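Participant: As listed in TrEMBL for this protein:
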TRANSMEM  36-55  transmembrane segment
TRANSMEM  75-99  transmembrane segment
TRANSMEM  105-131  transmembrane segment
TRANSMEM  143-167  transmembrane segment
TRANSMEM  179-201  transmembrane segment
TRANSMEM  222-241  transmembrane segment
DOMAIN    268-333  domain 'Mechanosensitive ion channel MscS'
DOMAIN    343-423  domain 'Mechanosensitive ion channel MscS C-terminal'
Amino acid sequence: MTTEQSLSEKLSETLAYLFARDEFTATLLGRSFTQMIGWAELALVLALAMLAWLAAHFITRKQLPKIQSVWLKPLLLRVMLPLLLTVFGTVGLLGWWATVGVDSLWLRLMVFAANWMLAIRLILGGLHFLLPEKWLNHKRESFLATLLWVYFLFWVSGIDDLLIGMLRGIQFAVGKSTLNVWTLLTGLLWVGLMLAAMMSLGRWLGKQLMQTDSLDINLRIVLSKIIQAALLILSVLIALPLVGIDLTVLSVFGGALGVGLGFGLQKIASNYVSGFIILADRSIRPNDRLTVNGFTGYVTAINARFVVLRSASGPEALIPNETFVTSTVINESYTGKSLYQSLDVQVAYHTDLTKALRILQEAAAAQERVEKEPKAFLTNFGENGIDLRVGFWVKDPENGFAGLNSAILLAIWQRFNEEGIDFPFPQREIRILPDEQNPSDLALLKAQIHAKHSQTVGKEFDDDDEQ
């Protein structure tokens, strides 16, 4: 009974020490490099780590591709290696204790590191889920992982207590309150985590609102932005008391923010308020065709600070929201989505104009993107032919006009060829006169020289007579 009890107590003590660090570093260094058993522990740890890596590599290459779940597969990719390290390390630790009769500090360190790796990967996976993809790229994820591993080394060695004590000793006054660097850093950490969680919740609620067809699109955008702003403020109000920071400290920062708004941030505040104004009065909506300062494009996004306009050729312009409140903006989609377009065609003077106008209407009406009943007109009697025009309304102007215009002109060309209608081309009549009627330049030059010579000789004879 005593043996069974001691075995149970020893097993419980070993499992409890998996996450303990009392005299961990000193005992590890003191025994591992001075005794043969320490080198044997280190060799076993390396062998188990290699075995866990090979098993994780095999599972991720052979078994995970069979999983179809969009969230389970990336999760298993993240946690497979640390889970196998934990399992192999725990089994090796129990086997070592049962065989040798003493704890293996290197195996305990392996389990420590595996659990910390699991925590790091779960934390970064959660941040990937909470934050937009552009905010947490591979470089930033590697940087955060490095910081967490550095903290793990400090924690194992006990240096973290020394650093925390030093940071708590650095104090400064904020208004009537006193803060220290450690409280400030932990407060920023909690605020960051709460902001990430609230931003994720705000994006999810925004997506749900945008899918509600019963509300106007501008109202949905306004509600989405209000919810996101409220959640951001709520996250700060929740996070600061968690680390012992009095909310009255915010009054100091509020005064500084007011001074900043009065000087350098007034443009940002103006753009933010203007964004709500243009959404509330419904002057601009997504997919509207606008012309601002000579740039024409379609509204693809309405953000807190600017509106994104995308032209038909691809370039995008970021227009500050204040511009739409203080400047003249041409909105071609304000009262209706359809846009009017026209194409000019010229036919010969001997053409049956009634037939030609009918062909223009039929060619435009045959296109799916054109609304019903396009109109054709005679606009002018030109120098080389008769000018005709076909006008039509385009249902989806956001898809461009080049392809549609090309299809209509091609249909007109085919129908004109079938009906024998000619397209005129410039004609010029040139008349060549005979040489006797149109003397050459050389003959004219000779005649001018002869006339001048005759005048000179005649003048000389007159002078002789006078003498």
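We count from 1, first residue shown onward.
From the backbone N, Cα and C atoms, a Cβ is placed for every residue, glycine too.
Thinking about packing and proximity, how do these listed features fit into the structure?
Facilitator: Tertiary neighbourhood of the transmembrane segment (75-99): same-chain residues 10-11, 14, 18, 41, 44-45, 48-49, 51-53, 55-56, 59-60, 64, 67, 107-108, 110-111, 113-115, 117-118, 121-122, 124-125, selected by CB-CB distance under 8 Å and a gap of 6+ residues from either end.
Secondary structure of the domain 'Mechanosensitive ion channel MscS' (268-333) per DSSP, as helix, strand and coil residue counts: 19 helix, 24 strand, 23 coil.
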Participant: May I ask for the residues of the chain that lie six or more residues beyond the transmembrane segment (143-167) and have a Cβ under 8 Å from a Cβ within it?
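Facilitator: Those are 21, 24-25, 109, 112-113, 116, 119-120, 123-124, 127, 180-182, 185, in sequence order.
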